[in-house]
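See below for the structure under consideration.
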């Protein structure tokens with residue numbers, strides 16, 4: 001019985017429908033044929049049940065199931081013990097827990113569906129860990145005995161005795177208006193227990209929003225409001241689930257500084273974040289999570305910030321001698337053509353233009369772009385990046401200035417609201433029939449974005465990240481001269497972001513087209529950009545879109561507005577933010593090098 005639990009069977013509750021099939025899984029299972037009850041299911045049962053002790057991992061039932069509801073995952077051999085929580089039979093399980101330390105910020109990094117939010121719930125005391133015994137959950141005494149000798153024992157004892165108060169900033173801020181009613185100011189006044197409301201509001205730019213109703217706030221405003229509500233309450237454990245989605249680069253750093261200002265020798269702070277440069281800036285130490293999404297997740301020991309993120313990118317945990325991803329993710333900045341060479345390939349020009357919308361005025365400096373090139377637009381929210389994209393697409397007419405060249409345009413908007421009823425396959429078939437079966441497109445776009453896994457689901461039931469990937473595939477599948485992509489990384493986890501960036505880059509090179517991308521995730525922006533367009537001015541009053549610059553010049557200009565400096569990690573070249581007023585930071589500001597390309 002040495003290998004009694006070396007695999008784990010997952011039955012998808014949504015897809016398994018015993019009433020509609022002939023129980024192929026049970027009929028084809030060799031163990032059942034030998035007369036053992038490995039798979040139990042009848043046409044009357046709600047869902048199939050698979051015994052993990054009897055299963056031999058042959059994988060026949062997976063292939064036979066007409067709905068694709070089963071998956072059987074072989075576990076690394078050291079995962080029989082240390083189960084922290086399992087939801088029910090044949091469902092997700094989490095191994096170990098991240099270890100928070102008082103007075104420091106713990107960052108969690110890992111893909112979606114790998115148990116970060118479960119870990120947060122358990123550490124907040126909102127979910128009682130059942131140590132894998134889902135049929136008879138243990139009581140707290142047993143749980144404490146189980147964790148004895150680790151820092152978690154003290155932590156859980158404190159939660160039980162001292163009633164440590166935990167607050168979680170939820171992941172999906174767009175759901176907040178359904179729960180919270182009233183103006184921003186009134187809610188903040190109600191929650192303000194530490195009397196720091198004025199300072200926090202100033203840091204997060206919320207002072208001018210106090211009269212607004214919560215349901216009228218945009219995504220970024222809701223995010224800042226949610227962070228503020230958490231920061232002004234009295235608590236011992238602060239948890240932030242993705243505090244940077246919807247925010248632009250400047251606001252991300254402000255949010256990070258606000259979260260770091262909560263540090264106190266007897267407070268625990270835990271952050272889940274997919275933007276690696278923000279995570280780097282925020283955390284004092286990091287736990288990685290690896291495993292198979294929605295099957296099992298494993299938490300590593302805490303590492304230092306740099307080491308933790310590099311381990312996540314390398315896909316290899318040295319302390320456990322375990323590889324959890326085939327390829328490591330490396331950031332080589334693209335070799336950009338010299339300024340002289342670019343001139344020869346010049347294809348398209350756009351004129352200087354002006355556009356006034358209500359109070360807001362945008363001036364665009366004339367520029368030109370070539371094919372096989374990705375332009376990244378850098379600027380805060382409300383500096384007219386989306387307006388510029390819509391003018392290029394011909395959706396908005398300029399008030400003064402020349403005509404925009406008529407181009408075929410494919411546009412992926414920032415907010416994706418699915419209107420279509422039906423499955424993803426039908427949608428792809430309607431919109432991009434030629435592309436989605438084309439072998440080149442399948443290898444370049446469909447496979448890396450993992451559209452296959454969700455192709456038969458209803459479009460209305462997809463999660464944010466799944467919708468984002470479908471939208472990206474639809475956008476790239478439409479034949480066009482120029483692809484306009486607005487925030488391709490929203491809702492995606494760190495690994496999918498890098499995949500998406502790679503997809504866009506490879507597709508643009510192969511198809512010899514141009515792409516304009518709006519992106520706030522710094523790592524993604526540097527990875528994508530051949531040239532950058534910097535937007536400056538006063539947000540939502542009057543702003544200027546400069547003509548395209550090289551990556552180095554543009555980044556220096558943009559970062560000098562934000563007053564941040566970057567260095568490069570020597571191992572995998574990812575950009576890292578320098579801590580404010582550190583030696584490096586002061587040096588680079590003096591010499592005016594805000595951004596480095598050299599290796």
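Yeah, the Cβs are placed from backbone N, Cα and C, and that goes for glycine too.
Under the heading ubiquitin cross-link, Swiss-Prot lists 20, citing experimental evidence as support. Neighbour list (residue 20 (ubiquitin cross-link), Cβ cut-off 8 Å, at least 6 residues apart, same chain): 67. Annotation note: residue 20 (ubiquitin cross-link) sits in a helical segment as assigned by DSSP.
Counted with DSSP, the domain '4Fe-4S ferredoxin-type 2' (46-75) comes out as 5 helix, 7 strand, 18 coil. The domain '4Fe-4S ferredoxin-type 2' annotation in Swiss-Prot covers 46-75, and the record cites sequence analysis as its basis.
The domain 'ABC transporter 1' feature in Swiss-Prot is assigned to 79-315; the stated evidence is sequence analysis.
The domain 'ABC transporter 2' annotation in Swiss-Prot covers 342-562 and is backed by sequence analysis.
Residues near residue 417 (phosphoserine) in space but far in sequence (CB under 8 A, at least 6 apart, same chain): none are found. The phosphoserine annotation in Swiss-Prot covers 417 and is backed by a large-scale study or a structure entry.
When Cβ atoms from all protein chains are considered, those within 10 Å of residue 550 (phosphothreonine) total 18, not counting its own. Annotated phosphothreonine per Swiss-Prot: 550, in sequence order, evidence recorded as a large-scale study or a structure entry.
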